[in-house]
Amino acid sequence: MELRAFCVILLITVLAVSSQAAKNKKEKGKKGASDCTEWTWGSCIPNSKDCGAGTREGTCKEETRKLKCKIPCNWKKAFGADCKYKFENWGECNATTGQKVRSGTLKKALYNADCQQTVEATKPCSLKTKSKSKGKKGKGKE
């Protein structure tokens with residue numbers, strides 16, 4: 001009987017301590033609400049090299065915050081990582097320049113980034129045309 005009472009008291013104590021710890025953790029996660037509404041955000045600065053995880057600094061009045069951000073490794077540096085564009089299909093190959101061109105219109109500017117309304121991208125013409133892949137041989141009945 002004493003063992004059962006001890007176990008019940010121990011269980012209640014453990015539950016009380018864990019609920020208090022969860023409450024403290026939840027309150028710790030909340031940051032003081034800011035009355036700033038006009039945040040100005042800088043560009044994402046990668047931690048190493050020129051792409052991957054990084055940080056972005058924002059200011060509002062006298063308050064400064066840092067956010068984690070990520071620069072995709074396939075981004076076009078001329079356009080900026082915070083400018084998202086909708087691109088058309090690649091044009092025909094220009095024989096004189098040896099390049100294909102396509103244009104893109106601004107779809108979204110993240111963090112109030114200063115983006116161009118339209119941009120052009122170029123790439124070298126491919127030397128050989130791609131052929132459609134054929135079905136795999138040897139699979140199935142003959």
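Backbone N, Cα and C define each Cβ position, glycine as well.
Within the same chain, residues at least 6 positions away in sequence whose Cβ sits under 8 Å from that of CYS36 (disulfide bond) are CYS60, LYS61, GLU63. The disulfide bond feature in Swiss-Prot is assigned to CYS36-CYS60 (among others).
CYS69 (disulfide bond) falls within a strand when secondary structure is assigned with DSSP. Here Swiss-Prot flags CYS44-CYS69 (among others) as disulfide bond.
Other Cβ atoms within 10 Å of the Cβ of CYS51 (disulfide bond), summed over all protein chains shown, number 16. The annotation disulfide bond is assigned in Swiss-Prot to CYS51-CYS73 (among others) on the grounds of similarity to another entry.
According to Swiss-Prot, the disulfide bond annotation covers CYS83-CYS115 (among others), on the basis of similarity to another entry. Listed in sequence order, the residues of the same chain lying 6 or more apart from CYS115 (disulfide bond) and placing their CB within less than 8 Å of its CB are PHE79, GLY80, ASP82, CYS83, LEU106, ALA109.
Annotation comment: Swiss-Prot describes CYS93-CYS125 (among others) as disulfide bond. Sequence-distant neighbours of CYS93 (disulfide bond) (same chain, six or more apart, CB under 8 Å from its CB) are GLN99, LYS100, CYS125, listed in sequence order.
The annotation signal peptide is assigned in Swiss-Prot to 1-20 on the grounds of sequence analysis.
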